[in-house]
Amino acid sequence: MERKGLAARSSGNPSPPALGEGPRPVPPPCVPSGGGAPERGQAGTAAEPAELIRRAHEFKSQGAQCYKDKKFREAIGKYHRALLELKGLLPSQEERDARPASSAGVPKSSRLSEEQSKTVEAIEIDCYNSLAACLLQAELVNYERVKEYCLKVLKKEGENFKALYRSGVAFYHLGDYDKALYYLKEARTRQPTDTNVIRYIQLTEMKLSRCSQREKEAM
């Protein structure tokens, strides 16, 4: 708004030059300076991967502390900030498939060492798992979003117990009992004695049994 005000004030007729003065030179157009805090995209472009990873790890740690303090909304914000720092460091599977082998540009991921790539993926997995955990603490749970985050984890780490279990819970509450049972049974193969998994499997099987009974009655 300040720039607009300046433009409005400078658009009026300038005062005539004093007697004996020549024509006044026309001032150059105002060009925004490069000062001030850079936007996230600019910072992300300029920062080295090691610095982005360090900041992401710091935000993730802050999110974990907020979760312990039961400040779930703040924790969600911290985990999102962590993921934002890592955005673009690891290409998605679609990007990897679409990128030609002789690409002229050097992607950010090529600047990562093997250890850095593993660290980035581990942080992403932790953040998505933690986001799902935070959402499940809400009074009104967004199970669609819980499912989304858990499936992101499973794309990277298909045997992740927490993501399997929470996927099953999300699908159960979304009414997709077949998928719920699949993910819950997958979770049970990782931790056969987990009481929460066993309880949700029982609940899901009861729902499926009722659905089957209704279908028979309808016939």
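Cβ atoms here come from the backbone N, Cα and C positions, even for glycine.
Database features, via Swiss-Prot:
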MOD_RES   Ser102  phosphoserine
REGION    1-49  region 'Disordered'
REGION    94-115  region 'Disordered'
REPEAT    56-89  repeat 'TPR 1'
REPEAT    125-160  repeat 'TPR 2'
REPEAT    161-194  repeat 'TPR 3'
Which residue counts does DSSP give the repeat 'TPR 3' (161-194) for helix, strand and coil?
27 helix, 0 strand, 7 coil
Please report, as numbers and ranges, the same-chain residues at least 6 past the borders of the repeat 'TPR 2' (125-160) whose CB is under 8 Å from any CB of it.
60, 63-64, 67, 70, 72, 75-76, 79-80, 82-83, 93, 166-167, 169-171, 173-174, 190
Go through the chain and flag residues at least 6 beyond the ends of the repeat 'TPR 3' (161-194) whose CB is under 8 A from any CB in it; none is fine as an answer.
128-129, 132-133, 136, 141, 143-144, 146-147, 150-151, 153-154, 200-201, 203-205, 207-208, 211
What residues elsewhere in the chain lie close to the repeat 'TPR 1' (56-89), defined as a C-beta under 8 angstroms and at least 6 residues from its ends?
40, 44, 49, 108-109, 112, 119-120, 123-124, 126-128, 130-131, 133-135, 137-138
DSSP helix, strand and coil counts for the repeat 'TPR 2' (125-160)?
25 helix, 0 strand, 11 coil
What mean pLDDT score does the repeat 'TPR 1' (56-89) have in the model?
97
